[in-house]
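Copied over from TrEMBL:
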- 41-84: DNA-binding region (DNA_BIND)
- 313-327: compositional bias 'Polar residues' (COMPBIAS)
- 39-83: domain 'Homeobox' (DOMAIN)
- 86-287: domain 'TLC' (DOMAIN)
- 294-339: region 'Disordered' (REGION)
- 95-115: transmembrane segment (TRANSMEM)
- 135-154: transmembrane segment (TRANSMEM)
- 161-180: transmembrane segment (TRANSMEM)
- 219-238: transmembrane segment (TRANSMEM)
- 258-279: transmembrane segment (TRANSMEM)
Amino acid sequence: LVLIQLTLRNSFRFIAKPCAINLGIQDSGPHRAQPNAILEKVFTSITKSPGGKRLEGLSKQLDWDVRKIQRWFRHRRNQDKPTTLTKFCESMWRFTFYLSIFFYGIRFLWTAPWFWDTRQCWYNYPFQPLTSRLYYYYILELAFYWSLMFSQFTDIKRKDFLIMFVHHLATIGLITFSYMNNMVRVGTLVLCLHDASDFLLEAAKLANYAKYQRLCDAFFMLFGVVFIVTRLGIYPFWILNTTLFESWELIGPYPSWWLFNGLLVTLQILHIIWSYLIIRTAYKALVRGKVSKDDRSDVESSSEEEDATSNSTKGVFSTSSNGSNRINGHVASGQWTEE
């Protein structure tokens, strides 16, 4: 299923690409650095971001201005990044999956008794039936997060790479652990809750790539509200309450109680970190009048943007692809990126 997920992701571009082209998104990459053997050797063998002394040495060796050398390294760092069209296709795939799996989960859980009474998660535990719909819901989510784990190493490197890596590990560990221990009832609640805001973020990125800034800002603000309400409100008072206290009361301290709740608390810590970044981004957006850059976005903005904004105030987001930005990504100078 993981291979199927990765294959679907790669194949989905045949659907997403025509949509992107119809929206006017061009398949053009960043400006390429002019060929230079000396700078290329420094870039590949020594450093991608030379310091002051090395820049001065290169300036004397090449008889180039330091500013010109800095620009060359910016162009070189950015020339291998994927195009906006590629990022649009990736976000459209994630949007489609998140939206589909969220509505599947809601439809399935709406008739489940534990959705309305979390104490039902522990009645007759561990002798609870595993229905086919519950099984497919679980296995699809697990395969998707494994595919995210693998693709993270091939996607654009982001500031929150380590946080997202820990998040994917914790999520995969929770899904696998809860399935093996037949804690699938509370597991479905956790999955559905996390899917509630993800598709809104991907929708915001799609709007940004298509240069619909107002729609992008609206989706991001809606995403921020849903994220904070679900991750800082519903998650601790609904999910953690039942796993920490109701389970202890109804079935006692089972052997894996500490490990299971430790993973869930780890997710809550990540929720707090991301919520802080979202609130800071929203505050800067209100001050500037628009969403401008995601604090967990790409390592650096494109060289063209840097050159154009070197003498002005830069935005809070940079243009690239979450991807994720969970947060899975956002904008620069009013443009979005992915995480």
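Going from the start of the chain as shown, residues are counted 1 onward.
Every residue gets a Cβ built from N, Cα and C, even glycine.
Note that the structure is a prediction, hence the values are computed from the model and not measured.
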DSSP helix/strand/coil residue counts for the DNA-binding region (41-84):
30 helix, 0 strand, 14 coil
Interface-richest range of 95-115, 219-238, 258-279 toward the transmembrane segment (161-180), CB pairs under 8 Å:
258-279
